[in-house]
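According to Swiss-Prot:
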type	residues	note
BINDING	119, 142, 146, 247	Mn(2+) 1 binding site
BINDING	142, 144, 247, 249	Mn(2+) 2 binding site
BINDING	144, 145, 146, 147, 148, 155, 156, 157, 198, 261, 292	substrate binding site
């Protein structure tokens, strides 16, 4: 059996504190403009074709698939800050659409399952969630902090910058992103899985006292204790909605081989699933992002392994259990 194949076991819907029904919207986000490698835009269609909607229906959910949105095409002329960051107008146009779509689906009392695509899309997903749940906390699972500003980013790729917009660190805002705003405070954000940070990201995490658990912490304390500490910090008493943003590169390359910025020494499959199980147990999940699957960065088997991992992440945070 594939390590990610859905087993013939008991399944049940996550008991939600915030949603009236048992409905989810899978929002496909075929976009790779926040980084230089082609392929991430193919992931949503592949994950859907592999059976994600059917997975969630078997769990008991009413599933709506927001078919690939008609994202605005790459502009013929980029914005005035092209020298400061790559594809700023293109990324801005798409993430603004993403914000609106996520907000609309949440307002329909549907859990937003956001399938990317690269992680620059979180500029929009975080704003969309906060527009409906302005006290939501964000659990960011990633090898990277994605907290660079356009000024501090060594690569100038915007998939490494989404949280700088959400936290207000990118101010004064580039003209292309004048629509964004600070929507979360540091006390409502926690990282798990970090192991590759740029110098300015280290400074932000230390100086702003942002809760961040590296792979050293996972090794030292174990994943159960790390998740418990992270949730207690950002969601004391479990009174806040949770937005889980999961970059598959948080996992070890053996677990997630088809992704763009692989870093050795990541989460095991079970550690990744434990995070998702813990989120499901809170009953507080309102949105989940699964980002940076890139089927072109690996052979057929590696692409399938990573696509199946994405399905497992979604199923598990929405309540799949063994018993």
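Indices start at 1 and increase along the chain as displayed.
Placement of Cβ uses the backbone N, Cα and C atoms for every residue, glycine included.
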Close binding-site residues near residue 247 (Mn(2+) 1 binding site), where close means Cα within 10 Å, chosen from 148, 156, 198, 292: 292
Whole-number Å value for how far residue 156 (substrate binding site) lies from residue 119 (Mn(2+) 1 binding site) (Cα to Cα): 14
Which same-chain residues, if any, lie at least 6 apart from residue 198 (substrate binding site) yet have Cβ under 8 Å of it: 145, 148, 152, 153, 154, 160
For residue 247 (Mn(2+) 1 binding site), the three-state class that DSSP assigns: strand
Site of maximum Cβ density within 10 Å, from binding-site residues 142, 146, 247, 292: 292
Neighbours of 119, 142, 146, 247 excl. site residues, C-beta within 8 Å of centre, Mn(2+) 1: 122, 140, 143, 144, 145, 159, 160, 162, 245, 249, 250, 291, 292
Among 119, 144, 156, the one of these binding-site residues whose Cβ has the fewest neighbouring Cβ atoms within 10 Å: 156
Candidate nearest residue 292 (substrate binding site) in space, where candidates are the binding-site residues 142, 144, 146, 249 and distance is Cα-Cα: 249
